Amino acid sequence: MNIDSNIIKNENLINANNHTDRRDVHDSLAEAPEKITELKKNHWEELLPSSSNWYCTSVADCNENQIYIYACKSNVSIFNIKSKKFIGELNGHTDRVTSVGFFKRFESKNDESYKWCITGSDDKTVRIWKFNSNDDDHNEDTEIGDDFKHGSGGGGSDGGGGDDVNNFYGNKSSNFCIYYHQEHKAGVTCVVASPLVPDLVLSGDKAGALVIYRTLTNHVFPIPPIIGNNISISTLAFSPNHSDLVAIGYLNGIVLIYNFVIRSTVCKISAHSADVLSIVWFDSTIIQKNNIFHDNNINDQDDNNSNHRNRIFLATCSKDKAIKIWKQVGEKIESGFTNIYQFNPSKYSIQHSSSSGGGGINQNDKQRVWLTLSWSPESPQYLLSNSLTADVLIWDLINFKSPPEKFQSSHQRLIFNITQIPNSDGSLAKTTATTETTTKNKIKNKDKKQSQIKLNNKVITVSLDRQIIIWENLKAKIKIQGLGGFVYSIDTCSYSPNTFAIGCGDNTIRLWSPTENSKDAYESKTLWKGIQSKVTSLSICKDYGFSNSNLIAFGMDDGRVGVYNINTNQSKIFPGGHKNEIYEIIWKPPPTPTPQKNINNNNNNNNNNNNNNNNNNNNNNNNNNNNNNNNNNNNINNNNNNNSNNEQQPNKLYSIGNNEIYEWDYNDFNKSFTNMTPIIQQLNPKETFSKHKTDINFNLNGDMISIGYSDGTIDIFTSEFLFLTRIREHKKLINRVQWNHFKENEMILASASTDKKVIIYKLSKIGNQNENEKKIDNEKGKENENEKGKENENENENENENENENENENEIENIVNNNNENDTEIEIKNINKNENVDKEEMVENNNNNNIKYKIEILHQFIGHKNNVCSVSWSNVDPNLLGSASADGTVQVWNIKSKEAISNMRGHDGRVFTVCWSLLDPNLLVSGGEDQTVRLWNYSTQPFKTVTESQIKKSPQPELSISLNKKITEQQQQQQQPQSPIKSNPDQSNNPSLVPPILLTSVTSTSNTTATATTITQITESLPKKRPIFLLNKDIVQRQDSSQYVVPLAKYFTTNDQDSINTNETKQEYEFGSNSENNNSKIEAIFSEKKEIINKLVQKESLELLKIDDVENYISLNSWNPANLKQALYQVIKNGKLTGNIVSLSIQAGREIFESICNLYSQQLICIGDYHLAVSYLLMIGKVNEAIEVYRNTLLFQEAIILAKSRFLPDDPIINKLFTEWAKQTETSHPIHSIKCYLATINDQSLNSKQELLKLLSSVQTKQIIKIQSDLEQILK
């Protein structure tokens, strides 16, 4: 068989039938979703990635440049093995990516297709991506370039590319989709590129369809290799020796050897009893050269025959827990295959104790069984597979009976994919020679221990435990712990400044130290014990000294609260909890000495601080001279707190969920929560509070609490929840409130809201200090006067309330001053509830009528395009604030200069949390919906705001051309840009972004001119129709049609008189391009002869029939009713009837129309659409046949109602249906059966009474026993 010639012939046939060149391909471009064509540029320093997708047969792949890709959610992550860095992502699919693969390198081809990869998804599309790893120089000693080092190209592609659309293929930092097709009708399960044909891609789906994709011409061919039930394709494997063969694995256990060039089945193997999960097609040349399988005594008598060199060997594995080796039986593939050996991985599956949660594997549970295979030509003697637990096994193909060698244990759960990394030099010959020598040595020393096994390749595995492990010499060298859920919360602590605690949606807390271990920056510790739900909020106990910094309080999605002890790796869960998820959880700071109020100079401040320190401890004396440096000042404050609280233990926790604040006692885990809402109202009876609380935060000293609400208000309380003041600036829900960490800015508060704003407030205390001091001195030790002071205070409060009765509702609006106007004072209510404070402060609290608050808005930061989910103050610079938003970006603001100084882009989805690093003042981390945590350097970002330098557009990916069926109008509409996952907040304000149908409704009430303009816009936006004529299409745009002009002019200007003189007649002109002589030609469409037009229509209709475009085939033949009857016959013959064709068949006459309806109803019955089949039968008056359809399909209810609506009540068919329905339900529903018999009791021919009595005596249920006697009496 000449394989190459067959491919060439097939390709020529395709081109002959479709006359499509590259120019035509560009005319059929479909706009891809916006996220596919965006060239994003990410500059993250490190990335904690999302884990791979589970239970997919081709979830990962690696190329010769050691670029590793794997599918995660709807994206593909790219990892450079040489530099040990994640270098980008491919974003564009709208559903889970199920399969990925690389194009193969062809040394003889001068192209860059080996830099392309292919992906298949549950969104029914196959996409081809171009990316660049900056390894074109193949220098292994150099790191990745700066542009690609920090994830350039992630998010679909790179923002640095696309400056020149014509040169985008040469952009080294761009990842984007260049081709795609939508030919699959079900989710794609497997994609694979041919190792022998550079532009050939095959893909299979859940419906059993195989799609051949030729990227050079951008053509696709959908093929169903087999027809039947349970024919979902699970895996594909190209032949390494035959360019026209592919092995197809199905969920029903069948392996099919298929010739996709001639579209025929070569051989069918009943390989397994369950899903085929992996197929390895061994390279026959390498197998023969290295004597693989030779020493197992499996060869036939004709082994010496030269044809044996072409024998095919396969390996398959399945959910039936078997790995089988197959060998071709005869000299031809059509002879079939025989199973020469079966490996049993369950025999070597040892249960592992899980260190990452989730328990072990039940080997008897087929839903949990997964096997995968890997074979490399560079180590041909060994076949790699996983066990049924978590091991990687090495099977010796020379000695089948030897036990497999195991990789050192590192995974804890099922392994989904094993990938062997090819040599970077791509030199197969050299590697093969080395392997051959090793193989011969192995044959001589078969009895030696298997520990001498040496693989020439590195190996990468992905597992259910969310780990990606890179192996060398059977040992785990690099471990990458992926995230399996949304990242909801991140926190860090000064006692472990290089570690971030991450609350994740996969029921775990991760401890990640990206700056601690440069060799393994992706290793993280997983805390999972006792966590049984998503961790939506967490807080490290950072204010109670080093001994308590190992405590992490966390709130979960199910409303429960717990504390995790890192040292003991155990968690404790409080009883009870919120009804819904917890938004925020915090530790109550320890009580700290409160400094004297209203201090005007630094000398007084130092004196008072010294006095306070003398009362508690003397460790603060050395800290008052270091106030110039912000970083030192922050560390001093932390040290002061730590030194003064060494003996204190954490006490209280506060959580917000279900719009309530709960207090938890850390010292009593058996105690349930305390609902603070009624307590707050009891402490502040004269205030009205919103019912829906969303966030809570303590200030630096712990003496003030801020609480946010869903209506946009913020309430400020004392540490004992005594109301101080209220802020009303936001118009929507408050997501986060955060006090500044620095002493000099301790009264500055930031808030984030769903109104897309970040607002900075400053609270200032004002009042007459000298008078207050005098009052304190005069009232010391005078208890009676204190009581009088209380009475006077209450009187003053009443007077103030009467005077300001009309101002209380809008007090914040009156005091907020954005334009340096006169500040308004707020009086603090005086309620003494704190019995632990000293006498001096108690007196002050009772006599602080002159202490008032001034609240001013420092700035409103407006720039985010969606909800602001989180804010975080810098730990080094008191003026820097980071914010995370649902627009997918992280923003850094400067409250001093009131500017946006950096915008970090790269997340694919909403960003839920942001946290600053304590080690590097320029670093901060963020996490969100894309299940990743990214470490950013805000000082190196190219953008300052969200709107700056809008993301550049890459060239639109080309949509493939279907050569097997028509692209219907509905499919063309589906090819229009899809809505991205993230909503665009500017659409409501930008009419150009509103869909055309919305513009119609908006402008329908406008004048006629506006309406006409809108209709024009809608018409222009409709999908372009493909011409019905295939051979004669685009006649207007032909560039080489000038040769037809002169003959056409002579044709139309020649009359009978002229023909006598010139001896030219119109008959001498040939029509079309198939002239047999050298006469001048004109196109057939300009002919005046009907027979030529009829030939043209006939020729075009045959072309439509060849590609199964039956809709246009019938439409074309309906132009001439004489041809319609024969056209309908052809459609019926091919079984391609549709509803549209049936409706058009009326033109052929009533008799033919009725026959077509009857045939179409039978077709509908075969596919299970009984109701529509009945409708077509009723259309032609066949009521009895319609009832019979329901009767045969046991749809008695429909049949009876249809019969009663069309026939008389005493029609015999009705009683017959009731009787059959009664017999059908005698066992399952005897009561209903009795009712059906009673409905036919008067029909003597049916013996219903006898059948009913027999039923009553045979079926004895409680219900029948109750009515049996009554029924028997009535019937007698």
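Heads up, the Cβ atoms here are built off N, Cα and C, so glycines get one too.
For 778-829, the entry in Swiss-Prot reads coiled coil. What Swiss-Prot records for 598-646 is compositional bias 'Low complexity'. Under the heading compositional bias 'Basic and acidic residues', Swiss-Prot lists 772-793. Sequence annotations record features per position, and here Swiss-Prot assigns compositional bias 'Polar residues' to 979-992. Annotation source Swiss-Prot lists region 'Disordered' at 138-157, 586-652, 772-809, 967-997. Residues or ranges marked as repeat 'WD 1' by Swiss-Prot: 92-139. Swiss-Prot lists 183-223 with the feature repeat 'WD 2'. Annotation source Swiss-Prot lists repeat 'WD 3' at 228-268. Residues or ranges marked as repeat 'WD 4' by Swiss-Prot: 271-336. The repeat 'WD 5' feature in Swiss-Prot is assigned to 364-405. Among the features that Swiss-Prot reports, repeat 'WD 6' is placed at 438-481. The feature repeat 'WD 7' is assigned by Swiss-Prot to 485-522. What Swiss-Prot records for 530-574 is repeat 'WD 8'. Per Swiss-Prot, the feature repeat 'WD 9' maps to 688-727. Here Swiss-Prot flags 729-771 as repeat 'WD 10'. According to Swiss-Prot, the feature repeat 'WD 11' maps to 863-903. Residues or ranges marked as repeat 'WD 12' in Swiss-Prot: 906-946. Positions annotated as site 'Interaction with U4 snRNA' by Swiss-Prot: Arg368, Arg413, Arg466, Phe486, Trp528, Lys579, Lys732.
Features as recorded by Swiss-Prot, highlighted on the structure.
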residue : record                           : Cβ within 10 Å
Arg368  : site 'Interaction with U4 snRNA' : 16
Arg413  : site 'Interaction with U4 snRNA' : 23
Arg466  : site 'Interaction with U4 snRNA' : 25
Phe486  : site 'Interaction with U4 snRNA' : 21
Trp528  : site 'Interaction with U4 snRNA' : 21
Lys579  : site 'Interaction with U4 snRNA' : 10
Lys732  : site 'Interaction with U4 snRNA' : 14
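A contact between the repeat 'WD 7' (485-522) and the repeat 'WD 2' (183-223) is absent, since fewer than 3 of their C-beta pairs, 6 or more residues apart, lie under 8 Å. Long-range neighbours of the repeat 'WD 8' (530-574) within the same chain, counting only residues 6 or more positions beyond its ends whose Cβ lies under 8 Å from a Cβ of the stretch, are 357, 485-486, 488-489, 491-496, 501, 503-509, 511, 580-587, 589-590, 641-642, 645-646, 648-650, 653, 655, 657-658, 662, 664, 666, 669, 671-673, 702. Cα separation, Phe486 (site 'Interaction with U4 snRNA') to Arg413 (site 'Interaction with U4 snRNA'), rounded: 21 Å. Residue counts for the repeat 'WD 2' (183-223) by DSSP state, with H, G and I taken as helix and E and B as strand, are 0 helix, 22 strand, 19 coil. In the three-state DSSP assignment, the secondary structure recorded for Arg368 (site 'Interaction with U4 snRNA') is helix. Take the Cα of Lys732 (site 'Interaction with U4 snRNA') and measure to each of the recorded sites Arg368, Arg413, Arg466, Trp528, Lys579: the nearest one is Lys579. DSSP states for the repeat 'WD 7' (485-522), grouped as helix (H, G, I), strand (E, B) and coil, give 0 helix, 20 strand, 18 coil. Model confidence over the repeat 'WD 9' (688-727) is summarised by a mean pLDDT of 93. Here the repeat 'WD 3' (228-268) has, by DSSP, the following mix of helix, strand and coil residues: 0 helix, 23 strand, 18 coil. Taking DSSP states H, G and I as helix and E and B as strand, the repeat 'WD 10' (729-771) has 6 helix, 22 strand, 15 coil.
DSSP labels the residues of the repeat 'WD 11' (863-903) in these numbers: 0 helix, 23 strand, 18 coil.
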